[in-house]
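**Q** OK, TrEMBL features for this one:
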SIGNAL    1-24  signal peptide
DOMAIN    30-327  domain 'Plant heme peroxidase family profile'
DISULFID  40-119  disulfide bond
SITE      67  site 'Transition state stabilizer'
ACT_SITE  71  active site, proton acceptor
BINDING   72, 75, 79, 81, 93  Ca(2+) 1 binding site
DISULFID  73-78  disulfide bond
DISULFID  125-323  disulfide bond
BINDING   167  substrate binding site
BINDING   197  heme b binding site
DISULFID  204-231  disulfide bond
BINDING   247, 250, 255  Ca(2+) 2 binding site
């Protein structure tokens, strides 16, 4: 065999094995649309159907799904760590003060059980959390957002680092914008995501500091009367059902009414007031108050970025058997 042929064969062999190693490295497709099309073709339809059924019976589930995606995906990774129960050694995220008022976790187990009947051990709780948010948003009149799947579940709670990541409703707008920027969401995206306050309700515990011992002068006086009626105690019982609807006009509909309200000084939380008054965010508040299409476009973009924050894919993490327990605890 001539040396030139030998060299050619060696070159081809190198190319072949190089392509194999590249293929091996690229085996993890990451997040893709319709990830379960072959492994569980009915997965997304099952989630959508369950969300519809649950919403029909319990309207507030839609608000829970929306809040879930924010609280889970914002804290380091979109991996359903929010859903884990506390253990003897580790506090769960959902039992921290910052998760006050969150509920309906048991209904995520209902969705998981339906999927397990169809395709055991295939669909992650992280994808259930994200897709239930997508379908919950649509059920309250928001945009339908095509979201990618392929997430795997984390094995540990992130309660210990939650405060480092999650913005609080009493923090300055600079801190809020910075926290969102850390995961790639810009100012119009922040304004749009806070439009989630168009639906649901705020517990009196979260807003009495604007009413007692003195009323916050920035609040619209006509709205103060309603807030005082709903929150008559300066130290409300956290277990009592005392709350104010975020939007009295269309409380069950995700729309741009929120922006009109906060421009009229009817925002319940400090962050709502700041959004309408800070020079960095006010122009976008005005734009969203005028155009619901613009609000929905920015909202969909921000939810997409949020849902893709540092997911576990490929061989990382696991597919939990139950959403509240890591598999090793079964």
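Keep in mind that glycine also has a Cβ here, set from the backbone N, Cα and C atoms.
TrEMBL does not curate its annotations; it predicts them automatically.
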**Q** Pick the one among the disulfide-bonded residues 73, 119, 204 whose Cβ has the fewest other Cβ atoms within 10 Å in this structure.
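**A** Each of the disulfide-bonded residues 73, 119, 204 was scored; lowest Cβ tally within 10 Å is 119.
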**Q** Please tell me which one of the recorded positions listed here (67, 81, 167, 204, 323) sits closest to residue 255 (Ca(2+) 2 binding site), measuring Cα to Cα?
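**A** Nearest candidate: 67.
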**Q** Near the Ca(2+) 1 site, what residues other than 72, 75, 79, 81, 93 in the same chain have a C-beta no further than 8 Å from the centroid of the listed C-beta atoms?
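**A** Here the nearby residues are 71, 73, 76, 77, 78, 80, 82, 83, 154, 157, 158.
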**Q** Report the nearest neighbour of residue 247 (Ca(2+) 2 binding site) in space among the recorded positions 72, 73, 75, 204, comparing Cα positions.
**A** 204
**Q** For Ca(2+) 2, what surrounds 247, 250, 255 with a Cβ no more than 8 Å from their Cβ centroid?
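**A** Output for this site, in sequence order: 198, 199, 249, 251, 252, 253, 254, 256, 257, 258.
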**Q** Minimum Cβ neighbour count within 10 Å among the binding-site residues 72, 255: which residue?
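**A** Taking 72, 255 as the binding-site residues, the minimal 10 Å Cβ count falls on 255.
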**Q** Residue 78 (disulfide bond) to residue 72 (Ca(2+) 1 binding site): how many Å between their Cα atoms?
**A** 6
**Q** Sorted by position, what residues of the same chain at least six away from residue 81 (Ca(2+) 1 binding site) have a C-beta under 8 A from it?
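**A** When sequence neighbours closer than 6 are ignored, residue 81 (Ca(2+) 1 binding site) has 72, 75, 93, 154, 156, 157, 158 within Cβ distance under 8 Å.
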**Q** Distance check, please: Cα of residue 119 (disulfide bond) against Cα of residue 250 (Ca(2+) 2 binding site), rounded to an integer number of angstrom.
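**A** Given the Cα positions, residue 119 (disulfide bond) is 39 Å from residue 250 (Ca(2+) 2 binding site).
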**Q** Can you tell me the CA-to-CA distance separating residue 167 (substrate binding site) and residue 71 (active site, proton acceptor), as a whole number of Å?
**A** 10
**Q** Calculate the per-residue pLDDT averaged over the domain 'Plant heme peroxidase family profile' (30-327) and state the result as an integer.
**A** 95
**Q** Using C-alpha atoms, which one of the recorded positions 40, 71, 73, 323 comes nearest to residue 250 (Ca(2+) 2 binding site)?
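**A** Of all the candidates listed, 71 is nearest in space.
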**Q** Nearest to residue 323 (disulfide bond) in three-dimensional space, by Cα, is which of the recorded positions 71, 79, 197?
**A** 79
**Q** Which one is it, among the recorded positions 71, 79, 125, that lies nearest to the residue listed as 'heme b binding site' by Cα separation?
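**A** Checking each of 71, 79, 125 against the residue listed as 'heme b binding site', the shortest Cα distance is to 71.
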**Q** Starting from the Cα of residue 79 (Ca(2+) 1 binding site), work out which of the disulfide-bonded residues (40, 73, 125) are within 10 Å.
**A** 73, 125
